[in-house]
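Copied from TrEMBL, the annotated features are:
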TRANSMEM  51-68  transmembrane segment
TRANSMEM  89-109  transmembrane segment
TRANSMEM  115-135  transmembrane segment
TRANSMEM  183-204  transmembrane segment
TRANSMEM  229-249  transmembrane segment
TRANSMEM  279-298  transmembrane segment
TRANSMEM  318-335  transmembrane segment
TRANSMEM  347-365  transmembrane segment
TRANSMEM  381-404  transmembrane segment
TRANSMEM  416-437  transmembrane segment
Amino acid sequence: MGSRWSSEEERQPLLGPGLGPGLGASWRSREAAAALPAAVPGPGRVYGRRWLVLLLFSLLAFVQGLVWNTWGPIQNSARQAYGFSSWDIALLVLWGPIGFLPCFAFMWLLDKRGLRITVLLTSFLMVLGTGLRCIPVSDLMLKRRLIHGGQMLNGLAGPTVMNAAPFLSTTWFSADERATATAIASMLSYLGGACAFLVGPLVVPAPNGTSPLLAAESSRAHIKDRIEAVLYAEFGVVCLIFSATLAYFPPRPPLPPSVAAASQRLSYRRSVCRLLSNFRFLMIALAYAIPLGVFAGWSGVLDLILTPAHVSQVDAGWIGFWSIVGGCVVGIAMARFADFIRGMLKLILLLLFSGATLSSTWFTLTCLNSITHLPLTTVTLYASCILLGVFLNSSVPIFFELFVETVYPVPEGITCGVVTFLSNIFMGVLLFFLTFYHTEVVLVQLVPSRVVFA
């Protein structure tokens with residue numbers, strides 16, 4: 001299945017002719033097919049090792065998401081153990097979008113030096129970041145600074161794990177496996193963030209504010225020990241993944257697996273100029289960046305947001321966990337469906353965004369129960385939040401496929417780098433808003449806009 005040649009249907013432009021610069025020739029265009037004989041002497045070929053490469057990259061993305069979301073689900077415990085403030089908790093999450101400021105440098109590195117060098121640098125930054133958080137110091141002020149520094153270095157790994165999935169799938173996988181590979185590689189980062197909702201509250205106990213002074217001091221020491229156990233475990237896992245990628249992570253297969261992998265691409269400078277001058281691409285990018293960026297920031301401090309609604313740290317963790325896990329499962333299933341049914345990306349996105357709009361409206365009206373008189377129960381809170389996460393998170397791999405097909409021959413890493421950079425801008429703005437105005441008064445989820453692709 002993976003080694004057959006691309007079909008005539010596969011090479012049809014996704015959005016039709018006359019779409020402006022970069023859109024008339026899609027990822028699977030006739031021009032790329034015509035250029036293939038000069039680039040590849042024989043038929044495309046896929047290698048079994050592609051699954052090992054995908055596994056290593058997906059594990060790296062998983063752990064990066066896990067480390068990024070370490071503090072949000074245990075913010076009450078972190079306050080007592082290290083004296084974090086609301087600003088500190090939000091900033092620890094905010095280091096994720098801040099890490100995207102040098103995003104274009106990582107895009108250049110991926111374009112010029114390839115996948116292996118970029119992934120090795122990314123994993124090394126994660127080793128430094130997680131190691132910095134584990135340095136044993138008694139000074140709480142210094143410890144907080146080390147934790148912030150570690151989160152910043154882990155945030156710098158974000159551009160690679162969030163952007164390189166379509167590049168990896170094009171380099172290693174055949175045309176009828178690309179959407180699935182993109183979904184797995186891109187969704188694992190979200191799954192790592194989801195597991196943080198599960199691991200943190202289950203391993204680290206919540207503080208007991210009614211305990212006597214001596215008991216509270218003992219509880220504080222116990223909470224600190226459990227948090228440090230989580231930090232050491234994350235550091236060990238990151239070191240193992242770095243060692244594995246150092247031992248084996250080839251930059252590309254001996255022969256390209258498809259037309260897209262063998263075709264000539266635009267230079268870095270021309271790619272950026274073409275993306276920024278393409279109105280249709282920018283509209284689709286905003287359709288991705290605004291709702292996904294807002295939801296990522298919102299879910300990163302979900303425990304902090306739901307605290308005024310008397311939702312416990314454990315319950316908030318389970319809500320965040322199932323919303324992201326559901327999105328990952330549905331996203332991979334949707335991508336596999338898109339691999340077999342061509343030309344359905346727009347319809348799939350419209351259906352997912354319609355569901356997200358209804359779910360976020362339900363959650364908003366439920367939280368405004370003093371006005372709407374709708375019951376605010378555990379069932380409604382779980383259902384609305386989980387459905388919102390399922391619909392939004394599952395759209396990520398479909399969006400990535402739409403992006404790279406729309407702007408061919410722009411390299412996949414540059415295309416996804418631009419859209420994830422925009423997404424993190426909106427995520428950072430939301431986190432700053434939540435922190436500046438204090439989260440006790442922010443209980444309303446922003447409703448994703450219904451953007452119709454012209």
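From the backbone N, Cα and C atoms, a Cβ is placed for every residue, glycine too.
Keep in mind it's a predicted model, so treat the numbers as computed, not measured.
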Cβ-Cβ under 8 Å with the transmembrane segment (183-204): same-chain residues at least 6 beyond its ends:
54, 57-59, 61-70, 72-74, 77, 161-162, 164-166, 168-169, 223, 226-227, 229-230, 299-300, 302, 313-314, 316-325, 327-328, 331-332, 334-336, 393, 396-397, 400
Remote residues contacting the transmembrane segment (89-109) - C-beta distance under 8 A, at least 6 residues beyond either end:
68-72, 75, 78-79, 117-118, 121-122, 147-148, 151-152, 154-160, 163, 268, 272, 293, 296-297, 300-301, 304, 413-414, 417-418, 420-421, 424-425, 427-428, 431-432, 434-435
Do the transmembrane segment (229-249) and the transmembrane segment (381-404) come together with 3 or more C-beta pairs under 8 Å, pairs six or more apart in sequence?
no
Listed stretches 115-135, 279-298, 381-404 vs the transmembrane segment (318-335), most Cβ pairs under 8 Å: range 381-404
Determine which residues of the chain contact the transmembrane segment (381-404) at the Cβ level, with the cut-off under 8 Å and only residues 6 or more beyond its ends counted.
14, 27, 165-166, 170, 178-179, 182-183, 186-187, 190, 281, 284-285, 287-288, 291-292, 295, 299, 302, 306, 309, 311, 318-320, 322-324, 326-335, 338, 345-346, 348-349, 352-353, 355-356, 359-360, 362-363, 366, 410, 412, 415-416, 419, 445, 448
Using a Cβ cut-off of under 8 Å, list the residues of the same chain at least 6 residues beyond the transmembrane segment (115-135) that approach it.
56-57, 60, 63-64, 67, 106, 109, 146-147, 149-154, 156-157, 160-161, 164, 167-168, 171, 228, 231-232, 234-235, 238-239, 241-242, 245-246, 249-252
